[in-house]
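Record features, source TrEMBL:
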- 6-32: transmembrane segment (TRANSMEM)
- 53-71: transmembrane segment (TRANSMEM)
- 77-98: transmembrane segment (TRANSMEM)
- 110-128: transmembrane segment (TRANSMEM)
- 148-167: transmembrane segment (TRANSMEM)
- 187-205: transmembrane segment (TRANSMEM)
- 225-245: transmembrane segment (TRANSMEM)
- 257-278: transmembrane segment (TRANSMEM)
- 284-303: transmembrane segment (TRANSMEM)
Amino acid sequence: MFQSQLQAWQLCIVLVFLTLGAFSSAVGLLLMKKSADTESYFPFYHRRLWFQGFLFLFVNATVIDLMIFSVTPLAVIAPFSGLTIVFSTLLAHFGYVTAKEDISASQWKAISAVCIGVFTISVSGPRASGEVSNGNIQELVFSRSFEALAVVSILGIVVSLAALLLYGGRDRDGKDGKDALSENYYVILLAYGSASCGAMSQLCLKVVSMELNPAKQADGANWDWNTFACGLAGLAVFAPLQLYMLNSTLVISPTSYAVPLYQTLLVLLSILAGGTFFKEFAAVSTDSFVVFIAGVVLALAGLERLTSAKSQNDVGENERLLRPEP
């Protein structure tokens, strides 16, 4: 069986590339946000900033991730999505790339809780990936646990797309408290749909990269065209949907809220998808699983506080704008 073992120097290289990938993702997300703020009335093919942001995300996904995913479990990669939250929040706070965002103390606390939760989820999750081959891919795809996860993910994607088509074009200026809360639910739904597509895309990318890994051929394993084709087909379906819903999320939400929300859901769903598909959770001890659940609770609690703080800021800002001049 093909297995990948990282030596110390290889691990250092992996960590450097993962850090660069996290920064590249943060810059890409911020460029797409800036495009949403400044280029929304341009024809799509004239949105220069959007394509620049896409390039940063594309380089990370196709160059950095393709190298890293072939030798590293998803749960080892996942903590660096938390680093993306840190990079994007700091860049937004200091006004680099996008307009400067004022982040309150309560928001910083909530984002810190989210990052700690994401880190806890990642380090306590599954640590090794199984093998995918033409002989076992049907067993992996049609296992009851993965079927259940796939149904929930696809249902979330469909509902998110429906909400985007029905609600996306409405005017949401001048929100009161109730409208601000409703918009937060809408943003959460879009972020969940985008993260679900992202998790499925990462899973498909993992399958493709495992087939392309030279170490597999060196170990005498056969190259499986069916497995490779299934991975590419999944990428072709889920990756465009991920970008479409992610862009819609960034259009209506500040970076300091949209990115932590999206990245946290992406980390959680990616670990669930990888752990379920590759049956990685079978090797997780009871103690690690308890810590994993605690990390999930902490991350979700941080998101709840971040949502509440954003609602308060939205209402306060609208009251200030609507207040008559003295």
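Note that the numbers count up from 1, one per residue, in the order the chain is shown.
A Cβ is built for glycine as well, from the same backbone N, Cα and C atoms used for every other residue.
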Among 77-98, 110-128, 148-167, 187-205, 225-245, stretch most in contact with the transmembrane segment (284-303) (C-beta, under 8 angstroms): 110-128
Seg_contact(the transmembrane segment (110-128), the transmembrane segment (148-167)) with at least 3 CB pairs under 8 angstroms, min sep 6: no
For the transmembrane segment (77-98), sequence-distant contacts whose Cβ falls under 8 Å of one of its Cβ atoms, 6 or more beyond its ends: 18-19, 21-23, 25-27, 29-31, 33-34, 37, 65, 68-69, 111, 114-115, 118-119, 121-123, 125, 254-256, 259-260, 263-264, 266-267, 270-271
Contacting positions for the transmembrane segment (148-167) when only residues 6+ beyond its ends and CB under 8 Å are counted: 186, 189-190, 192-194, 196-197, 199-200, 241, 245, 248, 269, 272-273, 276
